[in-house]
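For reference, TrEMBL has these:
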- B:67-89: transmembrane segment (TRANSMEM)
- B:96-116: transmembrane segment (TRANSMEM)
- B:122-142: transmembrane segment (TRANSMEM)
- B:154-176: transmembrane segment (TRANSMEM)
- B:196-217: transmembrane segment (TRANSMEM)
- B:246-273: transmembrane segment (TRANSMEM)
- B:285-304: transmembrane segment (TRANSMEM)
- B:311-332: transmembrane segment (TRANSMEM)
Amino acid sequence: MSDPVIRAEALSVVLDGRTVLDDISLEVVPGEVLALVGPNGAGKSTLLSVLSGERVPTSGQVLVDDRDVRTFSPLELARRRSVLTQDNSLSFPFRVIDVITMGRAPWTRTDEIARDGEAITSAASRADVTHLAGRRFTELSGGERARVSLARVLAQDTAIVFLDEPTAALDLRHQEDVLRIARDLALAGRAVVVVVHDLSLAGAVADRVALLSAGRLVAVGAPSVVLTADAISNVYGLPVRVVDMDGRPLIVPQR
Amino acid sequence: MRRAIVGAALGALLVGGILLSAVLGQFPVSPTEVVGSLLRAVGVANDWAPADPIAESTLWVIRFPRIVMAILVGAALAAAGAVMQAIFGNPLAEPGVVGVSAGAALGAATAIVLGVAAVGDYAVAALAFAGGLLATLLVYFVSRANGRTEVVTLLLTGIAVNAFAGAGLAFVLFVANPASREQIVFWQLGDLNGSLWHEVVVVAGVCVVGVVAAVLLGRRYDLLALGERNARHLGLDVERLRIASIVLVALLTGVAVAFVGIIAFVGLVVPHIMRMLLGPRHRGLIVASAFGGAVLILAADLLARTIVPGAGLPIGMLTSLVGGPFFFFLLWRQRRRSGGWA
């Protein structure tokens, strides 16, 4: 296994006296998809924002390429990692192609600029938004906006990719597209960290799953090892059945 | 193609406006005399130049400085409006509406009453800048929440700042002597009358530097449209951009207000029209807004000083007369689109 690109050491986040993340240590290696799962309020999105360098932890530290993430300038960081947030709003009616092109902003004034056209075209086609290129972003549906934002993140073309609930607004087919994109990124040697709500989706896409509960890391490892009926029932407070589907766990609530 | 047409139209309007402004007025000067006088000034001897020294001094002492001032102030205010809308992420932000102009006017009026103005034009401009800066900072930090600006909070903050600055102006008016009073009323109404070359030079310096800086920051403003979080993830140093832009808005507004008073709504109307014509990309938008603002103020000033024979109307009154309903229209449309005062 290659050296980790992200190493989180004893992360804790306290907000208004409430412990949101409690002593979490985690590594992300190139070529893997790591899924963060857990109930609402478990701290998934907070962990993602700490790992991406957006939020400074109350204690502990995040190392990106063995370097404290706080020592990176915003631009340096933007060339190492991209982040898909759940914020798909836009203040002014830019065209879709302009929005995707914004993903190339970190590479302005570098040699990478030569790859702009190719990166944008490829990102748009992978996120299935090529046909939307001339439309105004503000006129799109929620799912279309989410895909355009994904295309923007893909165009940024970084070694580390964070995706915060990338499937939330999407229909079945586009959910599968996103999973395939995440897998392809990992195959190409990128490190992908993704927050997902659907445990079966997590089981299907991830190389490793990190299960969080009330700010603590309950377990991290291969999906079939972490996503057991017992662990999930405990964390979610809901009895579930886990069905094995071609070696991937499929989680069904007991009804 | 579209950019070329808009550019050509703005250029034609600007040249036409300059010629018309130079020709029209109480003392008639013919267009050929204007061209001739300009040519002579750059060292080309010609027959068109006016032989009458009164025509010559009407042009060079009264009309030309006024025209250049109108162009500079229009460009400064419209560019300031575009920058403000970019950092607030809201098309309704404008120096006049949210109280930056009023803050600057209060600063300038205070300079007059305290006698600082005797130090020179720069003192008035500096205090106007300080007042504008304070107002911008206040509005910005009060109306921002979670990286976005809510329209309601923005406008309510604007009301509060305008009310406070208005009260300040009223107080300054109250303590001032009659001569200063007249000058302070001038700030409340806005007027290009009596622009002098040495004032024009001050405004020109700030205006050129400010507009160029705004254009250079244009790409970053584009990223800011994605929201602060996404912009930061794309490598933008949002904090620095924000501070730089607030200073920029205060500089452009402050210097315009210091010498011509409050001219509201230019920063609202012009960037909005340019956005409709050219799209929201900020580089082109700021350049076009600067030219559009110049044309608008030039036209408004021409109207203000010719519409009633023998009397000059305050230009600020005229722009607000048009800008007020326009602002209302924008508000109504935004409300309808978002289904509430979001």
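Including glycine, each Cβ sits where the backbone N, Cα and C put it.
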**Study point:** Highest-contact recorded stretch vs the transmembrane segment (B:67-89), from B:122-142, B:154-176, B:196-217, B:246-273, CB pairs under 8 Å
**Key:** B:246-273
Review point. What residues in the same chain, six or more past the boundaries of the transmembrane segment (B:285-304), come closer than 8 Å to it by Cβ-Cβ distance?
Key: 6-7, 10-11, 13-14, 17-18, 20-21, 24, 66-67, 70-79, 81-83, 192, 211, 214-215, 218, 263, 266-267, 269-271, 273-275, 277-279, 312-315, 317-319
Point to revise | Selection from B:96-116, B:122-142, B:154-176, B:196-217, B:311-332, the stretch that has most Cβ pairs under 8 A to the transmembrane segment (B:246-273) | key: B:122-142
Check your understanding: Who are the long-range neighbours of the transmembrane segment (B:96-116) in its own chain, taking Cβ under 8 Å and residues 6 or more past its ends?
Key -> 80, 84, 123-136, 139, 154-155, 157-158, 160-162, 164-166, 168-169, 172-173, 175-176, 180, 183-184, 187-188, 249-250, 253-254, 257-258, 261-268, 320, 323, 327
